[in-house]
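Student: The following block contains the structure, expressed as structure tokens.
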Amino acid sequence: MPPLLPSPFLLTVDSMALRCYSFARTGEDAAYLAFDIPLEQVEQGLAALKTLGVGGFNVTMPCKTAVAGLVDELPPAARLIGACNTVTVSQDGRLTGHNTDGIGFVRNLHENGVEVRGKRLVVLDAGGAATAICVQAALDGAAEIAIFNRDDEFFANGRHTVEKLAQTMPGCKASITPLEDGAALADAVQHCDILVNATRVGMKPLDGETLVDPALFRADLVVADTVYNPRETRMIREARAAGCQAAVGGIGMLLWQGVAAFRLFTGKDMPAQEVLEKFLS
């Protein structure tokens, strides 16, 4: 099997090591290497990867959207999201872009006993991860998704996501509201089933901050974070202390999106529990 190469920037040693470990554990004759490809050279980078004969590669920010516009095929989720983090290469060189971020988030909820079907979600942020989460949740049957984002350059992206969901999945009610509207946010949290933080709040240097008043937390609320470093954000700690139904950190999303990508590359299951304990604990 040709090597698999992540792009565009150098991944951490553990990130590369866990994938090489997974190849070895599943009997795959493959390597996982890192290439630093600048945004302005993405098209040339894809051509070079095809010339090298790679079997697939991962894509990180800020190249996810650019790559989605250059591949030969996009499945429904990646097309709606407008970005891809995983690309598979067929034997005849055709590139298919996938987005496993939303899949990883939904699987992380599932592993914690939570399903999105029929649920009302509040999603904080309208960037790439938030868009993937919204699209996948809608595809998996969420009843309502309320996006809250600061009134900045990403607000238009959130509005576009709402429009796409309305056009393609009318069974899921979607809306976007400025995050600065505290009263609207409080009301939405009080009436939702799952609260999702997809912002950088909780990550250093914002690790002591949160966007949601813990007084809004209740026993039947699920609180989920996409931040995985630190492993437990202030929001997750406060949700657990408040006795919420579930307080789900972001490390599982990182794991399960990788599991989904590994299956796309190899057709095999990554040894998820081993990887979690050996590399992500």
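Even glycines carry a Cβ here, placed using N, Cα and C.
Where the annotation comes from TrEMBL, it is an automatic prediction and has not been curated.
A quick note: this is a predicted structure, and the numbers were derived from the prediction, not measured.
TrEMBL feature annotations, pasted as is:
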| type | residues | note |
| --- | --- | --- |
| DOMAIN | 17-87 | domain 'Shikimate dehydrogenase substrate binding N-terminal' |
| DOMAIN | 250-277 | domain 'SDH C-terminal' |
Student: Averaged over the domain 'Shikimate dehydrogenase substrate binding N-terminal' (17-87), what pLDDT does the predicted model reach?
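Tutor: When the pLDDT values over the domain 'Shikimate dehydrogenase substrate binding N-terminal' (17-87) are averaged, the result is 93.
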Student: By DSSP, what is the split of the domain 'SDH C-terminal' (250-277) into helix, strand and coil residues?
Tutor: 22 helix, 0 strand, 6 coil
Student: Using DSSP, what is the helix/strand/coil residue split across the domain 'Shikimate dehydrogenase substrate binding N-terminal' (17-87)?
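Tutor: Within the domain 'Shikimate dehydrogenase substrate binding N-terminal' (17-87) the tally stands at 34 helix, 8 strand, 29 coil.
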